[in-house]
Amino acid sequence: MAGGAVVSTGAGKDYPGKLTLFVFFTCVVAATGGLIFGYDIGISGGVTSMDPFLRKFFPEVYRKKQMADKNNQYCKYDNQLLQTFTSSLYLAALVSSFFAATVTRVLGRKWSMFAGGLTFLIGAALNGAAENVAMLIVGRILLGVGVGFANQSVPVYLSEMAPARLRGMLNIGFQLMITIGILAAELINYGTAKIKAGWGWRVSLALAAVPAAIITLGSLFLPDTPNSLIDRGHPEAAERMLRRIRGSDVDVSEEYADLVAASEESKLVQHPWRNILRRKYRAQLTMAICIPFFQQLTGINVIMFYAPVLFDTLGFKSDASLMSAVITGLVNVFATLVSIFTVDRLGRRKLFLQGGAQMVVCQVVVGTLIAVKFGTSGIGDIPKGYAAVVVLFICMYVAGFAWSWGPLGWLVPSEIFPLEIRPAGQSINVSVNMLFTFVIAQAFLTMLCHMKFGLFYFFAGWVVIMTVFIALFLPETKNVPIEEMVLVWKSHWFWRRFIGDHDVHVGANHVSNNKLQP
């Protein structure tokens, strides 16, 4: 066993719990669901910057790219069909996340992961064999269904398996796997772009099957969470599983009783989608909408989706564009590791606020550097030393995101919902995230063409707004068991007005005295 820890909640209860090897390895396997999301984020920008890919599927963009030295650098990739290739995945993920909520609740978290991995695997095969744009788009839609299922189930699974004190660290494993997937994709793009025969893009797209196979096979060996087992009518199995994941020498009776109470209460809710609109859940609903909305308006996916395209737009050569994307991918991974080891010590709020401030400064600097060299005309070139400074500040921006809004944008929504609305809440979180990921992916190249360097100021302004929002409206949630989170909202200066005294409860003694309205 790994080192044990008593979970001090700060909210009135202490659940004893250890980080057992069993929990560690199950969380690692589950977190690999992030690989498929990360691989896709990293692969699309590199592939769309490859000339053989553009010649075959997007010849108009290829012609504009060849003439870019004499024309506006900002606009050479502006093409709605090219943007649809990237963005269609996220629209599919948005829709599928609602179906995933039902699968996650009725069949369990692991089968939702399995469905996501299998669908992604089929989509990867179709994309690798694509002969026309229609095949590409259909493949992307299947990839999106896989991402929707994985993103809906993995964060919930990790939050339910982890001891409260270590929930942040283990949950951020999902974001770490996303960053590893991005980095792997960028390295693969760098290698496949050198294939002289021109079919390197097929290798890049087809290798998405590797992370898909990992989560598909891995999910078959995952146990169900105690929360899911209780909710699906297997209380004895749930108690055995809770004892196994907390440690055989740990008294889990109090935590088990509270999980049973939460499940009994959740079963009184016949319409969770309607129930989540109730006044007492206003705080959770607001966070489930605002946090993923703000996460996308940090502008991070401008860098992650289109890094090679962006660097090529700034005048980098093809090799340099792909290598600069690899550098940002490395920064992304290492900064996420920083978050893993600090989130349960420093807390969620401090990381959100520090990361926000860092991103604002870097975006303003990058926008200014681009403005000085390209102005509004988009005509110019960028010296090597100047380019290095641009890459440096982009890397600092990526680091700020990677230890704040990147992991916390998934962690915080996954840990704030009570069981009775958890699948519905996580589906809202994923669908909002995918909706605005779709919007950014579909609109970015057009926005870059029209807003030019001002696009970076646009995103910086949004980061200021979201940082103020966090400072005012998000309470600290570290070390608090999920079933006790209501105490955190009740003590907050703003959200307490939405929560009546009869809504504040912790533990098994509550259910018999409180009947939820459907």
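Using N, Cα and C of the backbone, Cβ positions are placed for all residues, glycine too.
Among the features that Swiss-Prot reports, topological domain 'Cytoplasmic' is placed at 1-18, 102-117, 162-167, 224-290, 344-351, 409-427, 474-518. Residues annotated as topological domain 'Extracellular' in Swiss-Prot: 40-80, 189-202, 312-322, 373-387, 449-452. Feature annotation from Swiss-Prot assigns transmembrane segment to 19-39, 81-101, 118-138, 141-161, 168-188, 203-223, 291-311, 323-343, 352-372, 388-408, 428-448, 453-473.
Between the transmembrane segment (323-343) and the transmembrane segment (168-188), the number of CB pairs under 8 angstroms, six or more residues apart, is three or more, so the stretches are in contact.
Of the two recorded stretches, the transmembrane segment (428-448) does not lie close to the transmembrane segment (203-223), with fewer than three CB pairs under 8 Å once pairs fewer than 6 apart in sequence are set aside. Across the topological domain 'Cytoplasmic' (162-167), DSSP classifies residues as 4 helix, 0 strand, 2 coil. Proximity of the transmembrane segment (81-101) to the transmembrane segment (141-161) is established through 3 or more Cβ-Cβ distances under 8 Å for residue pairs spaced 6 or more apart. Proximity of the transmembrane segment (19-39) to the transmembrane segment (203-223) is established through 3 or more Cβ-Cβ distances under 8 Å for residue pairs spaced 6 or more apart. Tertiary neighbourhood of the transmembrane segment (168-188): same-chain residues 23-24, 27-28, 30-43, 46, 154-155, 158-159, 161-162, 203-204, 207, 211, 304, 307, 322, 325-326, 328-330, 332-333, 336-337, 339-341, 343-344, 348, 402, 406-407, 410-411, 414-415, 478, selected by CB-CB distance under 8 Å and a gap of 6+ residues from either end. For the topological domain 'Cytoplasmic' (102-117), DSSP puts the residue distribution at 14 helix, 0 strand, 2 coil. Listed by sequence, the residues of this chain that lie at least six past the ends of the topological domain 'Extracellular' (189-202) yet keep a Cβ under 8 A from its Cβ atoms are 42-43, 46-47, 50-53, 128-130, 308, 318-319, 322-323, 325-326.
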